[in-house]
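> Feature table excerpt (TrEMBL):
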- C82: active site, nucleophile (ACT_SITE)
- H169: active site (ACT_SITE)
- E171: active site (ACT_SITE)
- 196-387: domain 'GMPS ATP-PPase' (DOMAIN)
- S223, G224, G225, V226, D227, S228, T229: ATP binding site (BINDING)
Amino acid sequence: MPRPLVLILDFGSQYTQLIARRVRELGVYSEIIPGTAKLAAIRAKKPDAIILSGSPASGYRAAAPQPDAGIYAMGKPMLGICYGFQVTQQLMGGEVHKAKHAEYGVATFVQDGKSPLFAGVPKRFRAWMSHGDEVKALAPGWVKVAHTSNCAFAAARHRTLPFHLIQFHPEVVHSPYGKQVLSNFLFKIAKLEGGWSMQHFVRDAVREIRAQVGDGHVLLGLSGGVDSTVAASLLHRAIGDRLVCVLVDHGLMRLNEAEEVRRELGEKRGLNLRVVNARERFLKKLAGVSDPEKKRKIIGHEFIAVFEREAKKLGKIEFLAQGTLYPDVIESASAGHGAQVIKSHHNVGGLPARMKLALVEPLKWLFKDEVRELGRALGLPSHLVDRHPFPGPGLAVRVLGVIEEHDLDTLRQADAIFLEELRRAKWYGRTWQAFAVLLPVRTVGVKGDERSYEKVLALRAVDSVDGMTADWTRLPHALLARAASRIANEVRGVNRVVFDVTSKPPSTIEWE
Ligand code: XMP
């Protein structure tokens with residue numbers, strides 16, 4: 001039995017990916033395609049139900065993206081959200097106008113009629129809206145289901161077809177009954193079977209990778225981070241040794257990181273993995289450089305050079321695999337993001353075109369925590385799957401100013417102690433990212449009976465969802481005290497430890 005598929009037509013709402021995720025959380029597989037996809041492309045996917053997303057566009061403007069009107073004749077269960085509501089009404093003969101009162105935020109919905117979509121939802125309920133247009137008159141064949149004080153048609157259903165429209169966003173956490181509404185749509189209206197899990201994802205992804213790659217060869221840049229590690233394991237399951245992983249050890253990784261990846265993926269799991277020791281080369285290029293952006297550029301450039309050189313040695317390669325995630329797809333698609341949000345695998349961004357490689361991106365529908373779940377489904381251990389994010393330029397942006405090799409060693413040791421103490425106190429999993437930063441500042445201390453004049457080390461731990469904003473983690477004092485005492489006593493070259501208590505903004509997570 002093929003698994004049921006919910007196809008989400010994306011009209012550009014910032015929440016589209018959240019809809020996909022909620023549907024998967026409810027145990028039904030979902031995929032996103034552009035809202036303007038042609039009917040043939042939609043039919044080819046064989047969806048069991050369709051969801052139309054929101055959009056920043058106005059349906060009555062000429063440039064607004066419109067679905068192929070043929071989707072309505074397919075007769076599949078359909079849920080239109082926000083813009084999906086308006087554009088459906090417009091295409092079916094209703095009237096849409098600019099709203100007198102745009103609504104942004106939580107509104108109270110009052111149900112006027114009965115709808116299976118609202119089974120188990122109170123007659124009056126609160127839900128989150130974000131719209132400047134509204135439906136003024138419903139198309140023939142439609143019935144009103146709910147209103148708000150500013151919006152006469154806040155939910156509607158078709159009299160005979162399984163079509164449902166809502167003006168609010170059920171996918172956001174500010175809509176407390178959102179999940180119930182989505183669940184009603186999937187199971188009561190579309191009558192889909194649930195039970196989809198990451199194991200199914202593995203099975204499908206393996207089949208798709210095999211179909212795409214055929215008997216070709218795939219190259220993957222392994223960083224040791226969660227995304228590339230999971231992507232590598234998945235590809236290995238699909239095509240075995242025809243996946244070649246290259247780990248460029250630039251000497252800027254955490255303590256034992258390259259070794260751990262080699263042991264876990266290369267030795268234990270038998271991945272075809274090459275670790276390239278390029279430490280000297282990177283250090284040489286970074287010598288005397290203190291500007292953070294220059295450091296990043298040098299590292300990115302060298303990374304590509306080393307990677308390309310290795311790839312050339314390998315002979316026939318037709319594909320480049322990347323652990324691109326859904327948020328990366330969105331990020332790359334929207335211009336204007338600074339270098340600080342560019343992920344490490346974008347380091348090989350220029351390569352596919354130059355080397356005429358086709359891209360394989362098996363994680364591109366997933367969110368970070370889904371990737372972690374996938375990693376667990378593939379049997380990867382927690383210390384790989386639950387790793388904190390780590391910047392592509394690595395410790396180079398955590399040794400502030402000019403980088404000396406001994407500073408990298410100092411930082412590695414201090415960082416390892418901090419992480420060890422976090423794990424011991426069971427705080428590693430409760431903070432989003434934690435690390436140490438070595439400052440180019442010396443202070444006076446006393447070690448034994450002697451005066452010391454050594455560097456300051458800063459500890460940073462942040463709570464965040466996506467790294468875009470963050471607050472410092474309120475770590476217990478006892479934990480900080482233990483980490484600071486151990487670092488100042490055990491790590492040579494450090495005699496003072498401070499804890500960073502700024503949020504982002506106005507600071508950033510990394511110090512450089
Ligand atoms: P910032 O410092 O901008 O960091 O608040 C946000 C998140 O991005 C990571 N980061 C990077 N990741 N290349 C990367 O791959 C980079 O140049 C880079 N700079 C910052 C940072 O660790 C945090 O998770």
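Every residue, even glycine, has its Cβ placed from backbone N, Cα and C.
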> Just the number: how many Å between the Cα atoms of S223 (ATP binding site) and H169 (active site)?
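S223 (ATP binding site) to H169 (active site), Cα-Cα distance: 37 Å.
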> If you measure from the C-alpha of V226 (ATP binding site), which of the active-site residues C82, H169, E171 fall inside 10 Å?
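If one measures from the Cα of V226 (ATP binding site), no active-site residues come within 10 Å, so the answer is none.
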> Taking the Cβ of E171 (active site) as the centre, how many other Cβ atoms fall within a 10 Å radius?
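Neighbour count, Cβ to Cβ under the 10 Å cut-off: 26.
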> State the three-class DSSP label for V226 (ATP binding site), counting H, G and I as helix, E and B as strand, and everything else as coil.
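For V226 (ATP binding site) - judged by DSSP and reduced to three states - the answer is helix.
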> Please report the Cα separation of G225 (ATP binding site) and H169 (active site) in Å, rounded to an integer.
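Here the two Cα atoms lie 33 Å apart.
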> Measuring Cα to Cα, tell me the gap between G224 (ATP binding site) and E171 (active site) in whole angstrom.
32
> Sequence gap of 6 or more, C-beta under 8 Å: which same-chain residues meet both conditions with respect to H169 (active site)?
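Correct list: Y15, G54, I81, C82, A127, W128, M129, S130, S175, G178.
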